[in-house]
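Contents: one structure, followed by commentary.
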Amino acid sequence: MQLYALGLNHHTAPLTIREQVAFQPERLDDALHDLTHERTVREAAILSTCNRTELYFATEQPQHAADWLARFHHMPLSEVSPYLYTYPQRDAIRHVFRVASGLDSMVLGEPQILGQVKDAVRRAEEAGTMGTLLHKLFQNTFAVAKEVRSTTAIGANIVSMAAAALHLSERIFERMSDQRVLFIGAGEMIELCAAYFAGACPKRIAVANRTEARAQLVAHRFGAEVMRLDVVGEMLPHFDVVVSCTASPLPIVGLGMVERAIKARRHRPIVMVDLAVPRDIEAEVGELDDVFLYTVDDLAQIVDAGLESRQQAVLEAEEIIDSRVNGFLHWMQARDAVPTIRALRQHAETVRAVELERATRLLAKGEDPRKVLDALSHGLINKLMHSPTRYLNQSEGEQQADASRLVQQLFNLSNSPD
């Protein structure tokens, strides 16, 4: 039985595809049971986030997993297969270690993914689809992720626009839990920013977008409210932080709109983060006394500094992961040898029992104990050495040379002629 990882993520698939193969939480149990009812899949766990859908499973026939994924989501395999990756055992182990450690995330080193992996494991345990291999794999996965985060600086520096946006907001407002945040737009950048801000538990989150359906998707994920784009000016005074990133060719937030908002707020400060190119917020807004306006260029300076510090941490993390992959593979190989070890010990025990019974009978008849013990030891040697000796005698040519080396290694023998 081999371990595999199959899936797609933000590196390989656009959002339109990722949405179609995502697993809704209420359907996850059914999916796990359905997958493991495939005759070839023995164990399984499913990780499904906004950025990735991955199956971790034990099988001898991994090709059936892709068929199952497409079938479960009522998609032609040809539609999803160009975006899929399938990792065999060593690569699968390394992949899940990297995912949980944040090395494969859209935001390098982000901590949320570890919690998402733990949730995926918990759901698989509750569904009864975890077995010995996956239990051990994820036990090691969590240990590796903890080691990476505790011994490297992988999560210590800001390396994304989203993280930088939160960082700059926290410079102005000491407690984000007391602030109200408005997101204008509902694309991937806004979704990523929302993930960071939601982690700081603001008092209120709202999403304004031209397309209400898309805004609903983002709002549902983060417990936010949906707002029409045409009421942003009216509602602006009620928000302390505004993050905007749309594809609009013209500014959405103008100077007059912000001036009225500041007046209504009685000059309480407001942080505005404009991630759009071209800008969503008129540049003149930044000249207002109570407005802290940051653009893409401002955030890029923070990100660049973080990236430089992060490179060494990535190298250190990869070294840890490679070492732990080898350790896990060693455990798997040792586990594969367990049945043979048991059979070998059982064979030796059978020989011992037979010879001991014979010796006991001889002693009961009054035979010389020394002779009985001598016969016992010779009997054990002859029977235990019979199979290896016959194997050597029956081997020929290169096979005999290999057999000789194997026996010498097994019994720690020297190769001297005498």
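Each Cβ is built from the backbone N, Cα and C atoms, and glycine gets one as well.
Per Swiss-Prot, the features are as follows:
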type     : residues                                         : note
ACT_SITE : C50                                              : active site, nucleophile
BINDING  : T49, C50, N51, R52, S105, E110, P111, Q112, Q116 : substrate binding site
BINDING  : G185, A186, G187, E188, M189, I190               : NADP(+) binding site
SITE     : H95                                              : site 'Important for activity'
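Features as recorded by Swiss-Prot, highlighted on the structure.
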residue : record                        : CB count, 10 Å
T49     : substrate binding site        : 22
C50     : active site, nucleophile      : 19
N51     : substrate binding site        : 24
H95     : site 'Important for activity' : 21
S105    : substrate binding site        : 23
Q116    : substrate binding site        : 18
G185    : NADP(+) binding site          : 27
A186    : NADP(+) binding site          : 25
E188    : NADP(+) binding site          : 17
M189    : NADP(+) binding site          : 20
Max pairwise CA distance, angstrom, over record-listed substrate binders T49, C50, N51, R52, S105, E110, P111, Q112, Q116: 15
Argmin Cα dist to T49 (substrate binding site) over the recorded positions H95, A186, G187, E188, M189 returns E188
Rounded to a whole number, how many Å is the Cα of S105 (substrate binding site) away from the Cα of C50 (active site, nucleophile)? 11
How many Å lie between the Cα of I190 (NADP(+) binding site) and the Cα of C50 (active site, nucleophile)? 13
How long is the line from the C-alpha of C50 (active site, nucleophile) to the C-alpha of E188 (NADP(+) binding site), rounded to the nearest angstrom? 10
So among H95, G185, A186, M189, all listed as recorded positions, which is physically nearest to Q116 (substrate binding site)? Use the C-alpha atoms. H95
Distance check, please: Cα of M189 (NADP(+) binding site) against Cα of H95 (site 'Important for activity'), rounded to an integer number of angstrom. 25
C-alpha of H95 (site 'Important for activity') to C-alpha of N51 (substrate binding site): distance in Å? 15
I want the residues beyond G185, A186, G187, E188, M189, I190 whose C-beta is within 8 angstroms of the mean position of the NADP(+) site's C-beta atoms, in chain order. F183, E191, L192, C193, V218, C245, T246
When a 10 Å sphere is centred on the Cβ of G187 (NADP(+) binding site), how many other Cβ atoms does it contain? 16
According to DSSP, I190 (NADP(+) binding site) sits in helix
Cα-Cα distance linking N51 (substrate binding site) and E188 (NADP(+) binding site), given in Å to the nearest integer: 10
